[in-house]
Amino acid sequence: MRAVRGWSGPRQRYNAHRRWFSSNHGSSRLQAGVSTAPDLSRTRNIGIIAHIDAGKTTTTERMLYYSGFTRRIGDVDDGSTVTDFLPAERARGITIQSAAISFHWPPKTGDSPPQEQPTDDTTPRSATPHDINLIDTPGHADFTFEVLRSLRILDGAVCILDGVAGVEAQTEKVWTQANHYHIPRLVFVNKLDRDGAGFGKSVADIGLRLHVCPAVCQIPWWKDGKGALVGIGDAINLRALLYAEGSDGKDIKVFSPDDLGAADEAFASEIKKARIALVELLSEHDDDMVEKFLEADEDHLAISSQDIVASLRRCILQSPQRVVPVFAGASFRNIGVQPLLDAVVDLLPSPSERPDPEISLTGHSGGLHQLLHGHLLPAEPEHSPKGSKALAKRAGQSTAVVENLEACALAFKVVIDARRGVLVYVRVYSGSIARNAAMYNTNLGVTERAQKLLKMYASDAVDLSSIDAGQIGVIAGLKFARTGDTLISYAGMSHKAGPPAPLDSLQLRPIVVPPPVFFTSVEPNSLGEEKNVSDTLELLLREDPSLQVSSDPESGQTHLSGMGELHLEIARDRLINDFRAKATIGKVEIGYRELLLGPSTIVTERLDRELAGRIQRAASTSSVTPIRDVSISDLPAIDHERGYRISLSDNNLLTIQHPSLNPDGTSSTSESPSLLPHLPMPLVISSLRDGVSAALARGPYHRYHMHSTHVELLLNPANDISPETTSAALSAAARLATQKALRAVRDTHGCALMEPVMLATIAVSEEDLGTVVHDLSSARGGQVISLDDDEVSGSSASSSDGESPSIDLRRLYIPPDPFAGPVGSGKYSATEYILPRTRQRHVTARVPLKEMVGYLRHLRSITGGRGTFVMQVDRFEKMTKQREKALETEKTGAF
């Protein structure tokens, strides 16, 4: 047994009384950001994901402290955390906005010489300082978009579980979202110091509910087998770590198996069982581990820790991920965080080990690296010169264009900072963004200059000279960039013209924005405040695209829509308190949708008016039809040389036919005119789309958004466009024509209302199950889809992503918990798994959103405060006549 002051992970440098992470490292807190061109192999872009209150921010604060970034440990309850710096976050004690922060692990001092990445198999990666870019994400379901846009740019993640609750509903949700982006993950079972905590139960939950095989890398060390948590057992390195009680987590005693046998023989035996189970599990998923096992004469304990780490890493990087390493600890008690950081460095991938980023380019899709190597250049159009010399010349020109691409980045977050202005968070996927570089926004077609580059440390920042590939940074001063926009830098690019084709259409995979289901009214306090309120709403939407603003031209009312009641409450605080908007916010209402019950005839609307002293003339021809029980992809194909098909929000679709025009706006026949020079085809299409979107934002029935509507526009420049036509006039004509078609359907076939239906997962005890199910299916008009029976075989659990198979718990190693008593072989039987605690049941149901407003308070009242739930939008469904009539009566009675 050796006494350790500090922690150095698997490097085995256990010099007595040495303190690796003393406060003198804090002096370099903000120096890391000024380094340039970091080694990608020593970079980790990770996120912390979890259910609310699982301990994400608490764990992050310990990571910052042990890395030397901070001199003291921040506390969520005291409002002293680094990453939760917004007033609303500190007041509520929850994370609302994802925060980015960077640090080194293991720490490095300012005078440490540069260290090369270890190349031999015997030296772990965690022996060398790595750059950790960490994003702490929210856990509340209302802030799902914050998690989505963070996952979009991460290379790995740590999923934190509450050791008492195990896998909770929101845990499953964020896990599924991470599956969607193929993010490699670790699991850290936290709060094992609390009464009722069960590491074994949490491990079983991982297999049963997350549909992956838990590779138990650590087990908790309970005092005398049943008492307080005092340390962890390391199955990878065959050792035990005993943390000094009440310390800051830097004083650790390390026990070898032989030393531990004298102190706690049962725990020493359990560590060996965990090692045997770990090797067995890895052998099932990694052929190289089978070879190592045979080379070690089938001795599980003889396999080196380096070989086990290498095998775990290979398993994690498989897609889809079937094995997840599981670690143990209690962040609030400062137990287990340093080994977790070592695992982040040793197991999670670097940016260069991630799949090729998905891009689209002039209608083609593929990978960014494919493009950079010349394998994704667009095919020659049919009217290209057929001579081999001409083709070779054009191919060479395209290759040269790609070679001049200096940087490609995704804007994944926009923040309006009171001191620094607009901050655009970017992940650079290729090249390097230099300070003052011209950045072309391929989504908006505008060029802006990157006036200032920053590295963010939560609310603090450090100036950078460049942001390199694989890094996360901030560009200050961009006026137009939005979340999801692709930004590129091109050598010799004209500020006005932008980059040449095909790079002007290069777009990284966008960030999908979920549909809002609640809305509230925003009324300026006076006419003089209208512009200020409008401007601040625009800023709010740049920050959070999951909010939407719409206006009713007839009533003049402005509506702000969001993901939930708390989401809109936070938006209200931001609008009134931070942006100082002088406005009145109405009560939160549900965002219903309108559905057409039949098609319209073809209608034409002409615009001829004077605006600001200029004549505005334009025309548009439109028709609308409902999209019923059919996927947009199943609709009849269109000739892309003579039309565009554009997907809009809420399952709406726009088709623009231009039979007399070529894609470049020139006439296809001698009888019809071309587009005018001041109205190029991209501008015309964008204007028509904006006009149709505005029309669909207010339906003809109750002025709710339209849903499942197919709008068809016929673009005929001979009839629609004149020298006085502007893009604004075209947009207005398209809006008026579409509104006219919608009203025609209302007057002939009629319209119906659709309501958001939520997919709710409710976690309750066995004794409360009947009450909750009856309440959902009767009083709330819901449809119960499944009752998770917590069967040990897992056969009843299906994968949410359609890929992961069920996990048989009988094949897993599940360590014993203090409340479970001896388990013998280290595996639970069905009875041992179910009976140690009050059995939790999970009810999955589809319920109208209206019936779920205020449901948490009701659920707690009928379950004695024990029930929890999470929900997300599943679909919009047509309301029954009875429910529609009840809604109309309710709305009428409100006035």
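Using the three backbone atoms N, Cα and C, a Cβ is placed for every residue, glycine included.
Those TrEMBL annotations? Automatic predictions, nothing curated.
Feature list (source: TrEMBL):
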type	residues	note
BINDING	50-57, 136-140, 190-193	GTP binding site
COMPBIAS	793-807	compositional bias 'Low complexity'
DOMAIN	41-352	domain 'Tr-type G'
REGION	103-132	region 'Disordered'
REGION	784-807	region 'Disordered'
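Structure with TrEMBL features highlighted.
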{"residue": "A50", "record": "GTP binding site", "DSSP (3 states)": "strand"}
{"residue": "K56", "record": "GTP binding site", "DSSP (3 states)": "helix"}
{"residue": "T137", "record": "GTP binding site", "DSSP (3 states)": "coil"}
{"residue": "L192", "record": "GTP binding site", "DSSP (3 states)": "coil"}
*Count, for each of the binding-site residues D53, K56, T137, H140, L192, the other C-beta atoms lying within 10 angstroms of its own C-beta, and report the residue with the smallest count.*
D53
*Looking at Cβ-Cβ distances, which residues of the chain lie under 8 angstroms from A50 (GTP binding site) while being 6 or more apart from it?*
K56, G139, C159, I160, L161, D162, Q170, T171, V174
_On the 0 to 100 pLDDT scale, where does the domain 'Tr-type G' (41-352) sit on average?_
88
